[in-house]
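Scroll down for the structure; my scribbles are underneath it.
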C-alpha cells in the first residue's frame, strides 16, 4: 500500500523559480527610468501646438495656457456653452510623460477642480489615462494661483495630450494654465502592413537556450496576427499571436513525438488589444519556468514535459510565419500594425534592421515609421440619452448604411430612419436583440417585417454591418457573411430628405419619426458610410453638422470589466457596457462577487438552526478558499459531533508481521487533508478511537521498551503513545485507569499472554489527529494474533465562537497582521459594552484605510477609503447598543458594493460606481479594540472576530497585552444551552433564553410549536413592514450580485416541518399586493413544488426537487432560501438542489403569509385555485423574520393574525425539537474493555445486580430533584419578582445575535446587570 504524501518541489525547481525571479527583478531594474525625466515640455511649445474645443474670448485662447504665464487673459477658458470642453497639446514628438501641473486663470475666479487626461499618437484616436483599470480623475485647483502637481503612477509615451475639465470653480468658470513634465526616450519602430515580416537569422543552424527574454511594445489595427514565432525540427516552438484582441503564448520544449500527448502550453492574457494603442509585452523564461507579462499583468507558469531547453532552427520571425521557400507567403494571418523596441535576448532587432545588418532579413514592405489609422471612433455613453442625428438626402429605393460597432450590451438601437411618408409612413430600424441583429421594416398601417442575423455580437469585438435598400429588396450583411433579405414593396423612388438617428432617439422626437422600441445603444462606432460617403466625425463635432447628445468623439471607451475576473470561487463574469456581475450558479457561493458560502460552517451551526441528525454539507472556512464538503452530524449527550469516516472502518485480523516488516494500514478520509486540518483546528475537542485486541502480540518490547507497533499522525510523524495518554508517554489507557492485567506493564498486551487482551483507547491530542497510518509489528510468533479497528474522526464544539477578550483601557488594543482586503473582505464580530463609543478595529494604508466603530450608543459606522475619499455606511438602532448584551455586526466590502449589518436591522448597502478605484491597499497592522493613535479605543468585550473565514484568536493574544484580559465576564458563554437560534440573555445570577425570534418555545427554545390543519384551515399573517430573507449566518447579510433590472434585494428564507398523508396540498403562500407571490405546495404525486410569480407576462416559474413522495405520513423538514435569482432547496438534510430564477423586476415587499388553504379572495392563479388546503401537521414555520404559526398558537388575538377553520396544537408525532438526542455510541461499545480469555469483539454478560443498582440510582435522583425544586421555589419567593423577559432580540443564526424589540416592548424595564464592566 502506497502512502499519500504532499508533493515536494525538487531542488532544481526551487533554483529555477529563484533564478527566474532574479532575472525578472534585474530586467525591471535595467528597464526602469533611473535617469532624470521631469523636464518641462510645454513652456517651449509654439502657439500652433495648442488646440481647444472652444474659447471664451481671444484673450482666453488655448496658447495662453502655459504655467505661471500672465499673457492675454492669464490662461485658457472655454465657452460657457461648451458642455464637453477640452484643451489639447501637441508635444511635436512621442515623449515620455511623467507628471502634470495645473493652475487657474490668472487674476480671475476661474479654475478647474477636477479633470481627466487622454493621450494619442495621431491626435484622432484617444485613450483615457487609467489607474487600477478605471479612468482616473485628477484633483485640480481650489484657487487661481496655487500650482497643483501630480506625478503619474505610471508614465505614458505619447505625442498628443488632452485635458478634459470635469468640474469648474464654484466661484466662476473653468480656467486653466498647465505644464507637463517628462523626457525623450529611445524609440525604434517598425510598421508591418499585414503582408510583411522581419526574420532574425542565427549564426548557427540552430540555437538552444535555457534562458530567453523577449520584450516589445505593439499597436495593432486588427484583432488577429502573429507577433513572434520560432520552431525547431524536433518539435520545439514558441509563438506569440493576437487572437480576437487577446495575446496567446504557445510554448513547447519537448520532442515532436510528445506533442500528441498535449505537452505544449498555451496561455492567454490581455483583452481589447486591437484598440490602436500601445501595449507592452515581456516573456521571461528560465528552463521550464516562464513569466508572461502584458501591460503590467503577469502570469507565472511552468512548461510541462522533461526538457529544459528551447531549440529553434535557423531563424526567429517577427510579424508573421513565412512559408519556407516561398517569400511573402504566410502560414497564419500575420500582424498588421507597429512594433516598438523589439528585443530578443539583448538584441535590438529593429535597430539592426534599420542598419541593414545581415542577420535581419525583411519579407515584404517593412517601414520604420508608424502609420496612423484613418478611422476615428465615437462612443455612445448612455443607453438612455445618447444619440447622433444625421440629415441625409437619398432616394427611398436606393439607400445604404455601412458601419462597424463594438459593445458588451445585448440590447440597443443602432439606427432608425424614416424611409417613406407617402402613401404610408415606413421606418427602418436596426437594433441589437439578445446579441443578434434585428432588422425591422415598420409600417404605420401594416404589420412589421423582421429578419435576424448574426450571433453573439455583444462580445466586445468589432463587427461590420451593411444595410442596403435596392429597388424592392432590403438586405442585411453581418461580418461579410451571407446576407439576409426581405421585400420592401410600396416604397416610392422619389428623392427624400430625412434624418438618420444613430444610437437612440432624442426626447423631443417621439412617435413614428424616430422609433426605439427597447433601449438606446451603448458602445462604439467607426467607419460609418451613408450611400458610400464616409461620415467625418471630427467635422460633425466641430462644425455642428448634426444634432448629438452624450457622445465622446475620437475615442472608443470600451473596457473589459471581466479582465481580470473579479468573481470569486469560480463565479462566471458577465458584463454590460458600464458594469459587470457574477453568475454564481453551481458554485455554492452567493453575493455580488460569489464571496459568501451558501452552507453553514459547522455541525454546531446546524444544531443552532434546529436541524436534525444526518449528513450535512458544510463550508468550514465560509468565504475562504476551501470548498464545501459533506460530513455526518450526530447529536449525542447534548453535543453535536462532526463525524468523518475513512476507508478502513471494519475490524482487521492481523498475523505474520514483524517490526522489520510490519503490517501497515494507510487511511484515506472522506474529506481532504485541508478540510481535516480546518475541522480539527476549529473544534473544541476531537478524538479517534483505536480498538486493539491482542493475543501474544505486544505493543512495546518487554526488555527495552522499543515500540513494536506505532502510528503516524496527520503530518506523517511517528507516534508511540496510545489511547488515553498525551504525546511522549509510551503507555495505554489501562495504565491511566490503574487496571492493567499485569501491573508490571503499562499495557495489557505487553503481558504477552496466550489469551485475548484489550488495549482500546481514545486518541484526543488535536495537533496529531487524525491518524494517517498505523503499523503493527508483533504477530509472527506462534499463536500471535491481533484485531485492529480504527474509528472515525469525531469532533465537537466551536472553539472560536466564544473566543473573546475584554478591553478595560481606552489606549489598549490587540494587533494582528495586515488585512488581506485588496479586492474583498468580510468581517463579523460580537460585542457588548456600556461605553458610549469605541473603535472595534482599524487598518491603515498610505492613503487607504478601513475602520469599524461604535460611533454613538445607537450607531455603528463602517468607513473605508480607496484613495478617492471616504465611504461611510451607517446603521442606527432604535434602541441603545451599549446595554451590556451581545450584539452582532457584519461588514463586507468588495469591488461591486459594501454592506453593513447590525443584529437584525435592515442591511445598509452602498453600490460602488463603475469608474472608481476598487483596490483597498492597506499596509499597517490590524488594530483590534483600538487605533494606531491609541485614541477612541473600545471598552468592553469582543468575541468571534472572523475575517474572510478565519477567526482571530483574541483569547491568546490578550494574555500578553496590557489593558486587555482573556475571556469576557458574564453568564452567556459556551456552556449556555439556548437552542434553535434562541438568544442568551444575561441575568443577575444566570441567564435566560429569549425564544421570541425563533419558531420554538420552552426554557431552552427546544419545544417545537406545531398545529394540526384540516382541509379548510388557514392562518393569515399580515406583515407590518418589508422583511429581507437570509441564507446563512454569513451570506444572509451580503448584497445580491445581479443586474439592476433583475430581482436584486428581494429574498426569502423559509423553513418548516410537516407531516401529512394527503396530496395535493397548499402549505404556504407569500402574497404581494401587485399579484406576485411565492407558494410552496405538494403536487399530486406528493413531491414538493415551489412556485414563483414574478412576471405576469411570463407566468409562474415552477421548481420541483426530485424526491420520493413526502405525503407518506412521516415527518419531513424543508428549508428554502432565495437570494436574488439564486434558489436553494433542502429537504430532510438529504436533498439539496440549487436553481436559478429568470431575470425579473424587483419584487414589492411581501404583505401576507398564508398557511394552509388559500381562500377565494387570495387566489391569484388558476392553478392555485384548484389546490385543496393542507390536511396534516405543520411545525416550526418561519418566513424570513416572522413566525406565523407560533403567533397563531400563542397570540391568536393579535390583529396581525387571522385563523380560519379549526386549528389545534399538536406534536406532529415527534419530540419537542428536531435535535433528537441519542445515546453516545463508540466502537468500543461492541467490545469488552478487558475481555480476558474471550474471543475478539464479544460483549460481557449482564446480570440482575446492575439492573437493581440502576433502579436505586433513579429513585435517589428523582428525590434529589424534587428537593431542589422546593428549595428553588422558596428562595425565589424571598426576592423581588423579576421583570418580564426581554423580547425580540434574535434571528435564527448559527451565531446568536439580537433582534430588536417591538414598539410595545421598548418601554419595558431593563435588567440592571451587576456584572463587572467598564
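Quick reminder: no glycine exception, Cβ is built from N, Cα and C everywhere.
What TrEMBL says about a protein is an automatic prediction, not a curated fact.
Straight from TrEMBL, the features:
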- 941-968: disulfide bond (DISULFID)
- 37-183: domain 'F5/8 type C' (DOMAIN)
- 189-370: domain 'Laminin G' (DOMAIN)
- 377-556: domain 'Laminin G' (DOMAIN)
- 558-595: domain 'EGF-like' (DOMAIN)
- 594-657: domain 'Fibrinogen C-terminal' (DOMAIN)
- 803-968: domain 'Laminin G' (DOMAIN)
- 969-1006: domain 'EGF-like' (DOMAIN)
- 1029-1212: domain 'Laminin G' (DOMAIN)
- 1-31: signal peptide (SIGNAL)
- 1249-1275: transmembrane segment (TRANSMEM)
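The domain 'F5/8 type C' (37-183) is not in contact with the domain 'EGF-like' (969-1006), judged by fewer than 3 CB-CB distances under 8 Å for residue pairs 6 or more apart in sequence. Only residues 6 or more beyond the boundaries of the domain 'EGF-like' (558-595), in the same chain, are considered here, and those with a CB under 8 A from a CB of the stretch are 133, 270-272, 275, 297, 379, 383, 406-410, 460, 522-524, 617, 619, 623, 627-628, 823-824, 826, 892, 894-897, 914-915, 918, 1031, 1035, 1038-1044, 1123-1124, 1126, 1138, 1140. Using a 10 Å radius centred on the Cβ of residue 941 (disulfide bond) and all shown protein chains, the other Cβ atoms total 25. Across the domain 'F5/8 type C' (37-183), DSSP assigns 9 helix, 71 strand, 67 coil.
Neighbour list (residue 968 (disulfide bond), Cβ cut-off 8 Å, at least 6 residues apart, same chain): 804, 805, 806, 832, 941, 943. Confidence over the domain 'Fibrinogen C-terminal' (594-657), given as mean pLDDT on the 0 to 100 scale, stands at 86.
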